[in-house]
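Feature annotations, courtesy of TrEMBL:
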BINDING   His64  divalent metal cation 2 binding site
BINDING   His65, Asp103, His224, Glu228  divalent metal cation 1 binding site
Amino acid sequence: MYIKEIISLIEDYAPLKLQASFDNSGLLCGDPERELTSILLCIDVTEEVIKEAIDKGHNLIISHHPLIFGGLKHITPATYVERCVIHAIKHDITIYAAHTNMDVVANGVSGRMADKLNLQHRQILQPEGDPMAGNGFGIIGELQQPVESITFLQQVKEIFRCDRLRYTAPHTPSIQRVAVCGGAGASFFKQALTGRADIYISGDFKYHDFFLTENRIMIADIGHYESEQFTKEIFYEILTKKISKFAVQFSEINTNPIKYL
């Protein structure tokens, strides 16, 4: 099987046309005409991930976040991005990213968050494109039964493996209607509020965002990486329907750049 065939599997699920205008999803580095050896799945491409691919003989890395986001004017060892590109090319490693197209597609990043919370009666938080396609940013749905607010936060912290969780004071004794958005979801706060969510779970909220709740909704900031970590599972499920499970591996590197004391 060739690398281009693997790319087609991902793009059949999350077409590149769905990506946001600012994004750089797709083939970033390498030759798609090469024969595949095996695949390494990650959220971010770092030098440690490149080394892992080299050591384990993978010649395709599929990430959620694009390694190359802005234009590169040169390729030298000056930055980690350039060093990653240099080592990938030197070792014939292809790098591919599925970012906002995987955020937007139905059953994408936010859908996986909703799966982890077992949300029912789901709707798209911010629909994009053809309304019949069910694509868009975020999900809003309901728990099977109300859960006491702090108990629910503790469950969220455990499910998403959060070292810390930032949240606003509960405005209601229990939670049932839940909005989620993978990554940086602050821009969809109004949609969560309009959708009558009891709580909005996402990442990258700023200090002043928390004031906007005004005792109408809870915000729970679980972290950018934490909200998107299960994207690797989506990649794995797409690929292993067509190829051997032995050819697809999860990176063992935690690429979250944020550490906590």
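Glycine is no exception: its Cβ is also placed from the backbone N, Cα and C atoms.
Overlay of TrEMBL feature records on the structure.
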residue	record	Cβ within 10 Å
His64	divalent metal cation 2 binding site	27
His65	divalent metal cation 1 binding site	20
Asp103	divalent metal cation 1 binding site	29
His224	divalent metal cation 1 binding site	20
Glu228	divalent metal cation 1 binding site	26
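In this structure, the C-alpha atom of Asp103 (divalent metal cation 1 binding site) lies 9 angstrom from that of His64 (divalent metal cation 2 binding site). In three-state terms derived from DSSP, His65 (divalent metal cation 1 binding site) belongs to neither a helical nor a strand segment and is classed as coil. His224 (divalent metal cation 1 binding site) and the residue listed as 'divalent metal cation 2 binding site' have their C-alpha atoms 12 Å apart, to the nearest angstrom.
Here the C-alpha separation of His64 (divalent metal cation 2 binding site) and Glu228 (divalent metal cation 1 binding site) works out to 8 Å. Other residues of the chain with a Cβ within 8 Å of the Cβ centroid of His65, Asp103, His224, Glu228, the divalent metal cation 1 site, are Ile43, His64, His99, Val109, Gly182, Gly183, Ala184, Gly203, Tyr225, Ser227, Thr231.
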